[in-house]
Amino acid sequence: MTLLFDGDRRIKSPALAPAGGDRRARDPIELTIGLVNNMPDSALKATDVQIARLLQQAAPWHVRIRLHCFSLPSIARSPMASSHVAQTYTDIDRLDGLDIDGLIVTGAEPVAARLRDESYWPDLAAIVDWARTNTKTTIWSCLAAHAAVLHLDDIERQRLASKCSGVFDCVKVRDDWLTHGIDAPLQVPHSRLNAVNEPLLAERGYDILTRSAEVGVDIFARTMPSRFVFFQGHPEYDALSLQREYMRDIARYLAGQREDYPRPPRSYFSAESEAVLNTFEIRARARRDPTLAAELPGLTLRPDLAAGHAAKLLFRNWIGYLADG
C-alpha cells in the first residue's frame, strides 16, 4: 500500500506486500478517500496522522490509498492551523471532481447549544447531502454523526448530565460487513457531551451495529444509497488521546475557563494513576491556580487497554468494502 496526500506527496510507502506468488494474486486497487477534518486546531494535525496511520495499517498490500484532506471554510482557524490547511489540504470546492470512493467526516468542538446554530452547519449539511449519492460509504464521527442524523431525519441529540469519557466494552448487536469477524467486545473510546436516542434511531430505519451496556449505542448505519456509518465513539483515537483531552480540561478548570472539575475518563487510567489524580484534584480545588497545570503528574493507563484494536478491525472491513467495487 502507498498512502498519499493530494499531489502525490507521500506520507509513507511501507513494504506491506507478502512475499512470493501472493504479491501477484490480485491486481492493484487504488481507492480515493476524503477526510473532512473538523477537529479544533489543537487536534487538527494529530487527527490527520491518526487517520493516515490507521488507513495504512488497515489496508491490505494490494490496495493503494490516495487520501485527500479537507477543512470546512466556516470553521475558524488560527494562523498556524490555517497555514497547515493551506499547505497540505485540498480545497473543499474540489470535492465534487475527485471521484471519492469513501469519506470520513470528523466531529468538531461544540460551541452553540444547538447544532443548527453552529457557524459550520450549512457547510456540514451540504456535505451530508453530497455524500448520499457521491460515495460508496461515509463514516460520520461523534458530533458529525449527530449532525448527520439531525439533518437527515430531524433526530435531535440529547445533552448528557455529565461528559461521557472513557473506554467502554461495545458488543456486536447484528451481523454486518463492517463488524465481520468481530466476536469479542470492542474497547472503544468515547468522549462526548451528547447522545442520540437509540429507540428513535431504530424507528427511523437505522441499523444498530454495536452498543455498550454503560453508554448505549456505539455504531449505527443506514443505506442512503451510500452506506452511512455513524460512530458515537472515537475508535480512531490513539492510546493517549483521552489523556490529552483530560489534561486540557484540567488546565481549563485551573484557568477559570470552566466551573466544574472534570471527571477522569472511565476504565482508562491504571489504579495507581487514578489515586494520583484524586490527590491532585484535592490540591486543584483548594488552590485554583493555572501554574498548577505544570505540576500534573505522569500517568499510566490500565495494563489491559487494547488501544487501536477496534479501529483496525473496523477500518479493515471498511476498506475491504470499498475495494470490493
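Cβ atoms here come from the backbone N, Cα and C positions, even for glycine.
Remember, it's a predicted structure, so these values are computed and weren't measured experimentally.
Under the heading active site, acyl-thioester intermediate, Swiss-Prot lists CYS142. CYS142 (active site, acyl-thioester intermediate) carries neither a helix nor a strand DSSP state and counts as coil.
Neighbour list (HIS234 (active site, proton acceptor), Cβ cut-off 8 Å, at least 6 residues apart, same chain): SER141, CYS142, VAL188, PRO189, HIS190, SER191, SER241. Under the heading active site, proton acceptor, Swiss-Prot lists HIS234.
Residues or ranges marked as active site by Swiss-Prot on the basis of sequence analysis: GLU236. Long-range Cβ neighbours of GLU236 (active site) (same chain, at least 6 residues apart, Cβ-Cβ under 8 Å): THR47, GLN50, ILE51, LEU54, SER141, ALA311, PHE315.
Contacts of LYS163 (substrate binding site) defined by a Cβ separation under 8 A and a same-chain sequence distance of 6+ are given as SER191, ARG192, LEU193, PRO262, ARG263, in order along the sequence. LYS163 (substrate binding site) falls within a strand segment according to DSSP. Among the features that Swiss-Prot reports, substrate binding site is placed at LYS163, SER191, ARG248.
Less than 8 angstroms from the CB of GLU109 (site 'Important for acyl-CoA specificity') sit MET39, PRO40, each of them six or more residues away in the same chain. Residues or ranges marked as site 'Important for acyl-CoA specificity' by Swiss-Prot: GLU109 (among others).
Using a 10 Å Cβ-Cβ cutoff, LEU143 (site 'Important for acyl-CoA specificity') registers 24 neighbours. Annotation source Swiss-Prot lists site 'Important for acyl-CoA specificity' at LEU143 (among others).
The Cβ of SER191 (substrate binding site) has 18 other Cβ atoms within 10 Å, all protein chains considered. According to Swiss-Prot, the feature site 'Important for substrate specificity' maps to SER191, an assignment based on sequence analysis.
In the three-state DSSP assignment, the secondary structure recorded for ARG248 (substrate binding site) is helix. Sequence-distant contacts (6 or more apart, same chain, Cβ under 8 Å) of ARG248 (substrate binding site) comprise SER42. Secondary structure at HIS234 (active site, proton acceptor), taken from DSSP and collapsed to helix, strand or coil, is coil. In this entry, LYS163, SER191, ARG248 make up the residues listed for substrate, with the farthest two CA atoms of the set 14 Å from each other.
In this structure, SER191 (substrate binding site) is part of a beta strand by DSSP.
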